[in-house]
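Copied from Swiss-Prot, the annotated features are:
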type	residues	note
BINDING	G60, W62, D80, D96, D121	S-adenosyl-L-methionine binding site
ACT_SITE	K161	active site, proton acceptor
Amino acid sequence: MSHSKSSQRWLKEHFSDPFVKKAQAEGMRSRAAYKLEEILKRDRILRPNMVVIDLGAAPGGWSQQIRKQMGDSGRVIALDIVKMAPLVGIEFLQGDFRDKAVLSQLEIMLKGQPVDLVLSDMAPNKSGIDVMDQPRMMYLAELAMDFADIHVKPGGSFLIKLFHGVGSDGYIRQLRHRYKKVAIRKPLASRKRSPEVYILGDGKLTQNEVSCS
């Protein structure tokens, strides 16, 4: 299939997508908000007054969904290397979360508050070549897991997008040593042909529990 035909097919599918239409009608910045909504309803990991960090947040659909679910309570801190237009009730930090200066700024923003939930909907710019895209995705996933290891409090949760493929099973095994419950989710808003899945780690183990597991 030619590039132009592929692009035309994507555009047609995109604009006829019910979740795209719903996002436009409800003022959500992306259809991804409804993937998160389904997971939150199913797994009930979000409660009032939580502190939530959204990695790779732009354009902001996940942050919007968290704020919608928590109302005026708690804090939502969105992090991204690219600029994100302001959202009511969302604190935004622009920068690379691997950067020590950015992490220092995050610590200042947190003011010692423990983090209840870390989200990551990050993905690399796709080339369409699996042998290139999958390692890039797993690299981002490892970075996000390291971030969650440091920032999520014991008993807290971590939700991340993965591409199912080389390295994903091993990654899930790593999470099983870190969280009491690990679940794999494929929301309705996730296109069937997409390799993406969402992995939830709930009930972060303490260091003593990790050592005994």
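Keep in mind that glycine also has a Cβ here, set from the backbone N, Cα and C atoms.
Each of the binding-site residues D80, D96, D121 was scored by how many other Cβ atoms lie within 10 Å of its Cβ, and the smallest score goes to D96.
A helical conformation is recorded for W62 (S-adenosyl-L-methionine binding site) in the three-state DSSP classification. Proximity of G60 (S-adenosyl-L-methionine binding site) to non-local residues of its own chain (separation of 6 or more, Cβ distance below 8 Å) is seen for R29, S30, A78, M84, A85, L87, I90, given in sequence order. If you check the binding-site residues W62, D80, D96, D121 against K161 (active site, proton acceptor), the ones with a Cα inside 10 Å of its Cα are D121. Taking each Cβ in turn and tallying the other Cβ atoms within 10 Å, the top scorer among the recorded positions W62, K161 is W62. A strand conformation is recorded for K161 (active site, proton acceptor) in the three-state DSSP classification. Within the set G60, W62, D80, D96, D121 that the record links to S-adenosyl-L-methionine, no two Cα atoms are more than 18 Å apart, and one pair reaches that distance. Following the DSSP three-state reduction, the secondary structure of D80 (S-adenosyl-L-methionine binding site) is strand.
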